[in-house]
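Here's the structure, in structure tokens; my notes come after.
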Amino acid sequence: MRLMISGGGTGGHIYPALALIEELRRTDPDADVLYVGSTRGLEKDIVPKNNIKFKELKIQGFKRSLSFSNIKTVALFLQSLHKSKKMIKEFKPDVVVGTGGYVSGAVVYAASQMGIPTMIHEQNSMVGLTNRFLSKHVDKIAVGFEDAISQFPKEKTIYTGNPRAQQVANLKSDFEWQDVGLKNDVPTLLIFGGSQGALKINKVVTESIRLFNKKDYQVLFVTGKKRYADVMKQIGDQKINDNIVIKDYISDMPNMLPKVAAIVGRAGATSLAEITALGIPSVLIPSPYVTADHQTKNALSLVKNDAALIITEADLTPETLIDNADFIMNDKDKREKMAENSRQMGCRDAATRVLDVAKSICK
Ligand SMILES: CC(=O)N[C@H]1[C@@H](OP(=O)(O)OP(=O)(O)OC[C@H]2O[C@@H](n3ccc(=O)[nH]c3=O)[C@H](O)[C@@H]2O)O[C@H](CO)[C@@H](O)[C@@H]1O
């Protein structure tokens, strides 16, 4: 198969695409893949490291208010459309797949205009801007949450789960906590605010260091690449005990996640697919800044099943953070029960399902 794939901006759109590519290469070693990303997103660092051909487009999103930059957005979109068509003519894909982010809007739309089979994957329970636009033009729509089906044309939409779930569930981890300076035999709480880190979570965690210092469990706190320096400045000369390690980014999350006892984090759809694939209990702090508050909806699907706890960003303080973290980390039975509930929700064959949909539309 010749697969052209595009997903950009944040990890939540990129990692499902990488998981799909991994599944394609596993089942079809002769497959040829071209990934098209944006010049500004995380994909330009992440994708080439995975030995995947990568091409870039310059593109940006619409501002919600009337703004001059929206004129530039339209110009960049038209330019990207033109470049995408050129790339498609050269690469000659059998199918073009979009996993979200503005860049996928141009690439998938260009392909649909040229009569190439197209599909999108929507990770969230609420459809995003780009996928809403593309849904009218593509042949198939794969969704990560059953709740999303009703927001798309019924006849071409199918529930598949999120390909990243299968990737993390199948990996044989050789990760050791000693690799990051922690102990192997102490339960570890992983704290991170999605693929880019979250300002409020970082602030409250830095204010909680004194309290985490005293815990019997360990904490790995991941700040997001661009936020690390600020966090270290905020921490200043506070004492950090051996049970806490701070990192800017984890490059190989699938290898680490199976060894994590619990997670405190945002409720991005791809993170939740990983959490449920592996059965990890979590404390979720949904981002209030995303389209249609979709992270709250994502989070509540786990909370309803007693697989996660939720703290709204407005209620997040060192006290609520520590109370919720302790609730999970200090009670092994509770943790195991939540882990099982979380595992029940996992969709561990999602990459196969998405690939099957892509194959079904190839000419
Ligand atoms: C602010 C924003 O727009 N967030 C959206 C974005 O989130 P975001 O990009 O944060 O996506 P998710 O939380 O869903 O996924 C994050 C991904 O990055 C990985 N990771 C994270 C940290 C790290 O150090 N290393 C690492 O590899 C995680 O393992 C996961 O695979 O896309 C998601 C999926 O469409 C949406 O649900 C989110 O609402």
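Note that Cβ sites are derived from N, Cα and C of the backbone, with glycine treated the same way.
Record features, source TrEMBL:
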BINDING   T10, G11, G12, N124, S195, I250, Q295  UDP-N-acetyl-alpha-D-glucosamine binding site
DOMAIN    4-142  domain 'Glycosyltransferase family 28 N-terminal'
DOMAIN    188-353  domain 'Glycosyl transferase family 28 C-terminal'
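The structure, with features from TrEMBL marked on it.
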residue : record                                        : DSSP class
T10     : UDP-N-acetyl-alpha-D-glucosamine binding site : coil
N124    : UDP-N-acetyl-alpha-D-glucosamine binding site : coil
S195    : UDP-N-acetyl-alpha-D-glucosamine binding site : coil
I250    : UDP-N-acetyl-alpha-D-glucosamine binding site : coil
Q295    : UDP-N-acetyl-alpha-D-glucosamine binding site : helix
Using DSSP three-state counts, the residues of the domain 'Glycosyltransferase family 28 N-terminal' (4-142) come to 65 helix, 27 strand, 47 coil
Same chain, |i - j| six or more, Cβ under 8 Å of T10 (UDP-N-acetyl-alpha-D-glucosamine binding site); the result in sequence order is G41, L42, G101, G194, S195, Q196, G268
Looking only at the domain 'Glycosyl transferase family 28 C-terminal' (188-353), mean pLDDT returns 97
Sequence-ordered list of residues in the chain of I250 (UDP-N-acetyl-alpha-D-glucosamine binding site) that lie 6 or more positions away and have a Cβ within less than 8 Å of its Cβ, or none, is F192, V222, M256
Same-chain residues at least 6 positions away from Q295 (UDP-N-acetyl-alpha-D-glucosamine binding site) with a Cβ under 8 Å from its Cβ, in sequence order, are R266, A267, G268, L284, P286, S287, P288
Largest C-alpha distance in Å for the UDP-N-acetyl-alpha-D-glucosamine site residues T10, G11, G12, N124, S195, I250, Q295, as a whole number, is 23
Quick tally, other C-beta within 10 angstroms, G11, G12; top of the binding-site residues is G12
